[in-house]
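Features of the protein shown, as given by Swiss-Prot:
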| type | residues | note |
| --- | --- | --- |
| SIGNAL | 1-22 | signal peptide |
| REGION | 66-74 | region 'Lipid binding' |
| REGION | 78-101 | region 'Lipoprotein lipase cofactor' |
Amino acid sequence: MGARHLLALLLVLLVLGFEVQGAQVPQQDEAANTTLLTQVQESLLSYWDSTKAAAQDLYKKTYLTTMDEKIRDMFSKSTAAVSTYVGIFTDQLLSLLKGDE
């Protein structure tokens, strides 16, 4: 083998060696990223749980039966009105699509 072939072989082996070393680094980074992601998820879930518990406690402390009845009444009236208008809109849309027969 000539010196050129030996030099080319050495360069190819050197490049392959760096590729192998470079391929191992992202796997370690992925493991670090997954642990970081897990930590972020756990902290967000703990914040969510504490916020939810605080909101439930506040609701229980300020619960008023008269206000609850008013809210339920408003909900039932608004639901009835919306269902009426949705029915009218559906009939108009069907007659528009169906056309004159």
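All positions are counted from 1 along the displayed chain.
Here the Cβ of each residue, glycine as well, is placed from N, Cα and C on the backbone.
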Any idea what the model's mean pLDDT is for the region 'Lipid binding' (66-74)? 88
DSSP-assigned states of the region 'Lipid binding' (66-74) in counts, ordered helix, strand, coil: 9 helix, 0 strand, 0 coil
Reduced to three DSSP states, the region 'Lipoprotein lipase cofactor' (78-101) has 21 helix, 0 strand, 3 coil
